[in-house]
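Engineer: So that we are looking at the same thing, I have put the structure below in C-alpha cells.
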Amino acid sequence: MGSLFRTEEMRFCQMFVQTEAAYHCISELGELGLVQFKDLNTNVNSFQRTFVNEIRRCEEMERKLRYTEKEILKEGMKIPDNREDPKAPAPKEMNDLEVEFEKMDTELRQVNTNNEALKQNFLELTELREVLNKTQDYFRMYGSDIQHMMEEETGVPHEEAIIGRQQQAALGFFVGTVLREKVPVFERVMKFITHSTVFMRTEEIERTFKDPITGDDLHKSMFIVFYQGDQLRNKVKKVCEGMRGTIYPVPDSPQERNTMLQGVNTRISDLENVLTQSNEHRQRVLRNAQKELRSWTIKVEKIKAIYHTLNMFKVHQNSLHAECWFPAKAIDDIRRALNTGEKVSNSTIPTVIQPMHTNESPPSYYNCNRFVKGFQNIVDAYGMSTYGEVNPAPYTCITFPFLFAVMFGDAGHGLIMFLFGLFLVIKEKSIGSKRIANEIANTFFGGRYIIMMMGAFSIYTGIIYNDFFSKSVNIFGSQWHPVIKQEEWESDDIQLNPVTSHYNVTAYPIGIDPIWQAAMNKILFLNSLKMKMAIILGVIHMLFGICLQIFNHVHFKNYIDIFIRFIPEFLFLGCLFGYLVATVIYKWLMFDGTKSHCAPALLIHYINMFMFKYTNPDTAIEKCDPDLMYYKGQDGVQYAMFFIAIFSVPVLLIVKPVYVICKNKRKGHDFSDHAALISHEIPPANEEAKPPAAIEEGEEHKGEHGGHEEHGTGEVIIHQAIHTIEFCLGCISHTASYLRLWALSLAHAQLSEVLWSMVLRLSLKMAGRYVGSPIIFVIFFIWANLTVAILLLMEGLSAFLHTLRLHWVEFNSKFYMGEGYAFTPFNFKHILNMQSLEDIS
C-alpha cells in the first residue's frame, strides 16, 4: 500500500507489558506517536481505574501551575518558549515536582496575601488622607454657616453651631467615602431613612484608587453627614454600612485633624517602601517560575497522558495487557521504543507484541508531507477514507488549484496570490515557531501550499484568458488584420469578417487574441468559449473519478463490480455527456471562419438526439440549416449512444442484486433483513488462523468499499435502487454544476474590468502632469486596496468554496465513500503545540 495513494497498512496487536516497565515504555511510544491504543476498560468507572490517584496528583500540580501562570500573565510577563521538549519524568520524580510546586505555590500565595493586605491598608490610608484634606477645606469654607445651612435644609433649629462649640452631646458628624456610582442612591436612602433630618454633603474625589484584589480602578466620593442624637447616629451608620461606604474617625478640632493628617502621611510613606519591597519579592518569585513554567507544564502533561493511557490497559498480576493499532511498517520503530523503555526501567522481561485477528475496521492513516497535508485536510473534511480505498488527495493537489484557477483566471491577481503563498512557504520555519494565536492567520499559514498552487495555476489560466488586471497583453501581435471599406470608417460599430480579416493559418500563440479586449462582442465570444470549456473540464473530471473505481474494486477483490458498476456508469456518463464534449471539439476542428454560417447548433442537435429527430442534408433544400446532420452517420452514432446509455441503467439497477442473491444461495446462508453480524464478531467458520491482510482485505471488504456486514436481500435491492437513481440524476445535475466554472470566470473578469474603468481609469483621464500625479497616487492606493479586498479575498474565497463543492460532491461521489475513521495515535505532539494550560480540556 502506498502511503498517499492508499492508506497505510495497519496491524492490530495485543501488547503485554511488565508493570515496572509500563510507564517508561508508554512514554517512549508517546514520543514516537505511532500507536493507537484501544480502551479495554470502557465498563469501568473513571474513579475506579488503576492509576486514578496518579492522575489526581497530576491535576493538583496542574492547578498550581495554572495559578502561577495566571499570576505571571497578570503582571504582563510572557512565558518564554524555548522549543524544548523534555522527556516525561520518572514516577519517583513526581514527588520532587510536587514538593517544588507546593513550595512555589505556598510562597506565591503568601506573598499575594500579604501584598493584598498591604494594598488594602494603603488604600484605606490614602482615602483617609483625602478625607482629612477635604474635611479641613470644608470646615474652613463653611464652618461658620453650618448651623444656618442645617436649619434651612432640615427645618429644625439648633441651639449651637458645630464650629466653635464645646462638644454638644447630641450633635455629631460622620465622614467617609462611597463609590461614585452609588452616590445618588446613597443620598435618596439617607433622606428616606432619616426623614430628611440630617444634613449631608458629598464631594467627588479626583484621585483614582486601585482595588487591591482585582486591580480595577475605583472612583469614590467623600460624604459628610451631620446628625443630632444617638438614634439618628445609629441610622446614619447603618445606611453607610449598607451602601458599602467606609466611615473614618475624623477628630472634631482642626488641630487634632492636622496632627492626624501628619501621622497618616508618615504611615503612607513607610507603607510605600514596604509595598515596593513586597512587589520586588513577588517579581523575583514570578521570574523564577517564568523560566521553568513551560518545561514544568510539558512534564506534568506528559505524566498525565501516560497514566491516562495506562488506565486503558487491563491489569493481570505483574503485567498490563493492551490492544492497539499501528502502521505495519512502523513495527521496528515500535520495538526499538519498547526496548529503550525496558532499559530505562531496568526490566528484564521483554514486552510481547502478539498479532490479532479482528473483524473491526482499521483506522485510516496517511503519512503526508507538508505539501500534501493541506490537500489531505480538504479531503478529510469531506469524510475520512474507508480503510484501503483510493485516496483523492494526490489528484486533488492538481485538480483543486486548476479548477480554482479556471474561475480565478487573472495573471495579475494570481501573481499576488502566488507571491503571498511563496512568502509563507519560505518563512514557514520562522512563522511556525511563533505559535500564532490568531485563528484566521493560522488558517492562511496552514494552507500556504494551497495558496501558492492556486496562485501559480491562476497565472497560467490568466495567460490563457489573456487577462492581467483585466487588461490584455499583446506580446506576439494580433492575428487579426482588418480589411475595412472606406464607408465603414464612419460607423461606430465596425465588424471584422474572420474570412478576410483573420489569418487562420496560425492563431495567437498563447491564449486569447488581444484584439478581443476592444471588441464589442467580447462577452459573447468569451461566454461561448468558457461555457463549452466548463462542460469539457467537468465531464473529464467526473469520468476520471469513475475510472478510479477500478482501483477500489481490484483492491477489495470485488472484480464483479467492474462489470456491474464501473462499466455501466462509465458508459452512461460517456455516451450522454462524453458525446456532447466530443461534438464540441469536432465543431471547433471542422468549422472555421469560412464555414461558420453553416455551423451546427449543438444544443438543438443534442435535444434531437433524445427525440430521434434527424434531417439529412442530401434531402434538405437549405444546405446551411443549423438543424441538418453535420457529419456522416450522425444518426447511427447517436442511436448507439442513446441506447447504450439507456441499457446501462437496468444493469446498474438489477444485475448486482441478482448477483448477490445467487451468491448467497450458493453459500447456503440464510439471509434475511435482520441477519447482520454483531459488530466486531468473527464468524465461526473463519475462526481458524488467517493472515491479517486476508481478513482485512478479503471478507471484511465484500460490501460497498469495506462494509463489515452481509446485508439482507431487501436491503441490497433498496441500496442499489437508491444508488442508481442518485447516479443517473447526479450525472445531469453534476454536469450542470460545472457551469459554475464559466459563471465565476466571467464574473471575476467583469468585476475586475469594472474596478479598472470606474476607479483607476478615472485618474488617468485627469489633466495636468503635476496635478494628476498625486491624484493618480491616491486613486492607485484605493484601487490596490479594493483589488486585494474584493478580487483577491472575497472573489478568491468564493472561488475556493465553489472548487471545494466540485471536489466534495461532483468528484468524490463517483468513487469515494469516506466512511472510515482517523488514526489517532498516542502522541505528545499536541502537548508541545498548546499555548497555555487553558488549552487543556
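Cβ atoms are placed via backbone N, Cα and C, with glycine included.
Remember, TrEMBL labels are computer predictions, not curated facts.
Sequence annotations record features per position, and here TrEMBL assigns coiled coil to 94-135. Annotation comment: TrEMBL describes 402-426, 447-465, 533-551, 563-586, 639-662, 770-794 as transmembrane segment. Annotation comment: TrEMBL describes 687-710 as region 'Disordered'. Feature annotation from TrEMBL assigns compositional bias 'Basic and acidic residues' to 699-710.
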Engineer: Within this structure, do the transmembrane segment (533-551) and the transmembrane segment (563-586) have 3 or more Cβ pairs under 8 angstroms, counting pairs 6 or more apart in sequence?
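Structural biologist: When sequence-distant Cβ pairs are counted, the transmembrane segment (533-551) touches the transmembrane segment (563-586), since at least 3 lie under 8 Å.
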Engineer: As a test of reading the model: what is the averaged pLDDT for the coiled coil (94-135)?
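Structural biologist: A mean pLDDT of 90 is what the model gives the coiled coil (94-135).
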Engineer: List, by number or range, the same-chain residues at least 6 past the transmembrane segment (447-465) whose CB is under 8 A from its CB atoms?
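Structural biologist: Those are 370-371, 374-375, 378, 397, 400-402, 404-406, 408-422, 424-425, 428, 510-512, 526, 745, 749, 796, 800, in sequence order.
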Engineer: In the same chain, which residue numbers or ranges, 6 or more beyond the ends of the transmembrane segment (770-794), come under 8 angstroms Cβ to Cβ?
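Structural biologist: Contacts with the transmembrane segment (770-794): 410, 413, 416-417, 469, 748, 751-752, 755-756, 759-760, 762-764.
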Engineer: So if I exclude everything within five residues of the ends of the transmembrane segment (533-551), which remaining residues of that chain have a CB under 8 angstroms from its CBs? That is, six or more out.
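Structural biologist: Residues packing against the transmembrane segment (533-551) from afar: 390, 392, 395, 399, 403, 406, 561-562, 565-566, 569-570, 573-574, 577-578, 580-581, 584-585, 731, 734-735, 737-742, 745, 806, 810-816.
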